[in-house]
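To start, the structure under review is shown below, and the notes come after it.
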């Protein structure tokens, strides 16, 4: 500071305003961390020091989280206590002082430049901190210390003042126009005359220029200013003083209390300073505490004369011509001070504001919304949603039929049942539409998924597309740091679907709320946290708030937030209706006076969030910015569901504080606005209070979207719909109109015009304020009392992008299905036509770097948008699913170079340029001549270039191109180089470093220049095969020429002298060309350099290839060290280039690779094409002379992309990202299918009848089809009916029809169920009324009988009706038997609605002849020729087959032909039993037809009486008249077909002479009674929901062994069998996944159908069972697409070799044929007890118990891989603790083809039966018995992982006890058996496993798996077997250990770690811990293993010596992808060990 200039720091008094100052501080604090910390610390100090104060003081402050909240309380009101005023003005001054100290540290100077300090009244307190502020840190500390002092001072003055007068009012007045002494005298006289006690008298406290301040009690001051003669007429002002000051009598004790006892107070004061404002400014103080006492005394007790202070100051500074006054905070005395100082002729500068600071680019704490998507009523996307808003549409409608039957629940008034008085809602058009294949979800699982979850998946993907999210190799966001927040609060879909679909393996994840968010993370492979939130109507706002919090806390880097609501459960309507919140008249009437509740609605929405700074850095489109968000609760509301306006206002203010904005900055408010009578006024009241003091004339516009689309209360219209609307307002720059307006407003609203709030009825421009963003306040509150709020800002980014230097660009699109493929292209094309001005570079950038890529791909390179449009229009073909091919880098040799060959890339590609420059630098350092111009300059003179320059330039170019390819993710699988190109190949493979390869090429070229004469030799290219070329050369008189290159099968190069080559060319007949090279490379001309070159090459390092090299010298692949060395390089220089041999070596090792040439132009590509003939699209050239480099590169990238290459698009575009913009291109074209279930109420749930009897539930539709349980409306119509077998009428039908003494449902019941169901459907969906006679049954087929044994007496018959074809009058009907979760397919038929008159007319033409035949049979019987039977005899004979109750016995007399081929009868139908209801009575149907059954089964000529003919269907049943009971009818039966095991009959029914019914093709098949008994009495214990197949009657034949040594050429005769196999595979996949066979295209990925590893095992087992062919569960890996299955399993009629047959023969040599050809054998129902040998040798019976709730234990052996019957002993691998062999599905194939069978746990499906009484011994008994049955002879090879290893050992023991030998045993990571039971530790073992497994989705278990794991843990803990005797031990045992323990997985679980420590369970290894019996079945696996822990670890006591292997993984990682290949290696070594001789 200049010596003639002085700084003055001015601190004003306590009455100054703090309003602007406090806002400015907090605004600056947003970008100044230390300032934010100070304000937080200051707040804490104030709050701490006021905790114990009295209620008056505490209440004056209230609750505040920060000082800005405190400021809000008094921004527009007066602080009658004064403490808040004191705190806030102090905070302003302290903050500004600290800022100045930071900005200008010299202000704390202690030398002659020390500023002067001036404090006016209470300003002295703020000033005092400077006395101890040698540094900024000390100043900071002192400010906090004085804050505590200020709090105590306020308390002292308040208490003192209130002791005089406890009332509100001003304690200070300013009086003008009277001197101080005159005023004192006047006050004394008047107060004395009024008798005012001295202690209460007002006094002069402060004197200024022509004014004085008097201080005293408010009542005294009021009296004085109004009545005192000397004052009452003078000008005067009331001051913001609310306690005594300058007039208080204080004692030393008072001052000590105020100053406090901090250690800082004792700090000595060494500074010399003047305290202007004190009576004695120059007084000296020993300590800071002394000074503070003096200051407090001055401010409290001593009057102040400001004029005197200023005069003294001016006098002292008279020698300083320049003064700099800095006002620390506001000061009302500043102008007086400066005027006095200026009056002496000095220059005075004034700084009355904060110190200068650099404003932040963005305010911190901002969150960018970078992507959004949504769908709801009337809209499938946000654009359509915006159109709904702009059109003011009200989308309320009556509840549609596809949700539920409204008539069942709607009542005009509520009654006691489940009723609703509203009919309305707002609904999505197609809530069930879902692209399941895109998300790899089977139709079966998709239907079980909550539609909200499905829709959320799709909107999330759409939002991610808008956000430009890409999952490529280079990612802007780490997937481990992406979080998902999903709002949901109901489980409607579970209630809708459960009683229709029952329970399934996918039910839990389908409807459980946590899966809404979890499935998002799973689908996109994210590892960040997932949250499923329920905060009722504010769930979305809450999810966004939590997402923002997580992002700001840096816990995550990207968040997906949103919610979904799809309403369809009627009881939600009924409960809400009864609670009175729903409108009975329609939609939400937001703001209106007729508001009467809200309207329920669908909506789904998603937003993608990032921190603003990250979004800018990632080049994202920022749709809007979340400036702040918040949530609180209406804790003081009148009820939990009532909103509290005060709580809402508090939240608004808090959020604005956090955002550093004020109510003046808000442009629009999107209100919750549900239209309820209480909620709307409360919300508007909160806004009115918030905006009551706005300073801007512009109105606040408010609106609410619920008036358009209703209120999806549980999840989103309360949040995400409003949010999407707000974002669109920013995007469109429009304030939209409010639906339902204009209209009279809610009368409970405050007067909106007075508070400047406006509700628009027409759209208007959304204008931007000057120099600040537009801001929207979005408000939500929920039904549970919560409030949520979001403050949005728009983001102005008007940066103009420069042009991309690249002139050609690659544009792509991709999909998962062909339909989506064409849809994506069409949508892109449409968008381009609508946006022709879009830049091609932005389209390319968006479609490549900012998209996720899928298998079916399109790519094209274009230079303009118009060119792109043309190419899109021209391409209409399908695209196959891409499969990634290996890439071969093919490096060009010399001879193709040209000037400027890399000039375009050098200018535009940083990677290429940097690599080329590096090569040039290295070459310069090695003293090689410059060559860069050859690459970079098109006008470079080529004729002047030497071989040295050319070869270095070509090599550098190729290395640069390779670097460019590798930088964008294209890595070669193998490299090959032609001649010089091999050097580039060796560098790229890692053999030669960059310096070495340049050195070798440069030195070799120098040697050539030195030793070889230029232009004396030549090279001739000839179009001849190498053999012909060689023969031609041999025939020459002078064979000096030689072959230099074998380029292709028909192209060679000859080298020799120019003379010889010229002569040779003249004699050639083949086409030839002289090459433009100066030397004869690869010829004898190179001989002079070889020795020296080899010596030079000996000095470089040759490393092992990291990438295989196809050597053109050796014609083989090289991937190991030792091949490349100096000698090789010399030979490579001299010997021919065998390019063909190298190509063939690649072809033999790599399947269908992509050939990518890297060089100056296309040269080697033609050689590849001529030699190998690959597809043209797989031969690529990086550069093409004469073509722009980016065009040729683009073509290469397009082809690579279409062939499945993973290109790092983000890396490609990164250098140019500042020139690129992310476009909002069309979203993915979904391939949608319908997954929807209509809710149908069961009978006992329907509303009961009302008292007036007008509203009752409907009776049963039919006894056989009682109620509708599902109704899906057209076009995908499906109606499902149920009928309970326990219904008395139904039960009588079954009980009255007995086969072999078992009740069996009559076949006529199925006809009745079908006819009744179709009749119902027709009446429901057709305008015409169709009667029964018009319905015809066709092709009825029954698969199995319906019995009580099948489903129990409480089972159900399910009838399903669906469209049967293109005709609307044809239906397919299917029947199932159901019990709980189990269902069985019973049969199906077609039902057609026909014209009965046409049928009758057709019959009338022939009925006479049939009726005549009836008469003939009757006459013949009466004459004794045929048989005449009375009913007693007929039904008595028939009882041998079937016994009927009386209701069925309607035959009055029967007439049977003598050959039993015809029969007739007279029938009189009985009335149906009371209580039944039929459309076509089964009693009548059975009675009219069962004569046919009698004829077939009672025929005396039948050869066997041990069989029964069962009716299993008919061709058709037609009827034109409804029969009547009591009326006689004639029936006629004729046998029309009779084969060995089947009989076909026709049945005709006559009413007199009129034919009224005809059953054609009634089919009976013969069944052995033994089989029939089993069929009728069998029980199926499966707990799955899928239909079980009918029993297979015939046995499989065991194929004979095949002599695999014999080669047979024959035409396959198995095409029909193969077709059956393929058909079975596809049908079973279809059934298991729920997919439609029609959707199975060749490119359909099986994983896309939802087939996971567990389902794969089920499918493989069923295929094996059905076809006899062993399909391995790994088929989903081996054959990933449907086309792969078709190629492998399709019928073949080609020559085949038996040893290569793809079918898998059975075990036929050393394995029992009991396994036959089945890869999956089940062994059911073992004995109910198993025998176990205990330690003592006694026999113990272990009772499994009845446990009727779970199936019996069952062993399943499944072929996992290998070839049965190949002479190898099978390896049996027992399932681990999960119980399922799915654990092993990731094991790669073993080259040995050893057959590996997996053995599931017998308790997999019944883990509750796996008790400790059963234990390891009991479980192993099941396995042992199954193995002995499967393999009666030979030795065994066993193994198991984890708990499976323990079972394997016990099976080994039991086999030994049965005298069966185990040859080899493989134990994978399992401790040896413990010598004792670990007490009370099993629970900790399970806790350990739960903690470690939940971190890995691959090990997340189902409930059943979890139960099995717990059971195996308990079993292992209690298993203490005897060691095997030496004679019983396996010959060889191998043990494989996991080297890593699982403790790292536990480290993040603090609770578990504490529990481990408490239990004393070790987490570190110690000697022999693996054998410690104190460690339970899991705890042993916690510590990491040392080398000493990788031995047998106790197993040697049980099995003897063992080979011990280990792998670097932990226990759970071993069988999982990423580590399973290591396990495969160790198992391979174990198998080799097993097979070793000896």
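Placed from the backbone N, Cα and C atoms, the Cβ positions cover glycine too.
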- Query: In Swiss-Prot, which of the ranges 1622-1660, 1661-1699, 1700-1738 has the region 'Disordered' annotation?
  - Reply: 1700-1738
- Can you tell which of 672, 711, 2021 has the least company, meaning the fewest other C-beta atoms within 10 angstroms of its C-beta, among these active-site residues? 2021
- Just how many other Cβ atoms lie inside 10 Å of the Cβ on residue 979 (active site, for acyl/malonyl transferase activity)? 23
- Item | Rounded distance in angstrom between the Cα atoms of residue 672 (active site, for beta-ketoacyl synthase activity) and residue 711 (active site, for beta-ketoacyl synthase activity) | 9
- Task: Determine, to the nearest whole angstrom, how far the Cα atom of residue 979 (active site, for acyl/malonyl transferase activity) is from the Cα atom of residue 2021 (active site, for thioesterase activity).
- Result: 38
- Message: Can you break down the region 'C-terminal hotdog fold' (1425-1573) into helix, strand and coil residue counts using DSSP?
- Response: 31 helix, 68 strand, 50 coil
- Query: Going by DSSP, is residue 2021 (active site, for thioesterase activity) part of a helix, a strand, or coil?
  - Reply: helix
- Message: Return the average pLDDT for the region 'N-terminal hotdog fold' (1254-1405) as a whole number.
- Response: 85
- Message: Need the DSSP three-state call for residue 979 (active site, for acyl/malonyl transferase activity) to compare against my parser.
- Response: coil
- Task: Take the C-alpha atoms of residue 711 (active site, for beta-ketoacyl synthase activity) and residue 2021 (active site, for thioesterase activity) and report the distance between them in angstrom, rounded.
- Result: 53
- Task: Look up residue 711 (active site, for beta-ketoacyl synthase activity) in the DSSP assignment and reduce it to helix, strand or coil.
- Result: strand
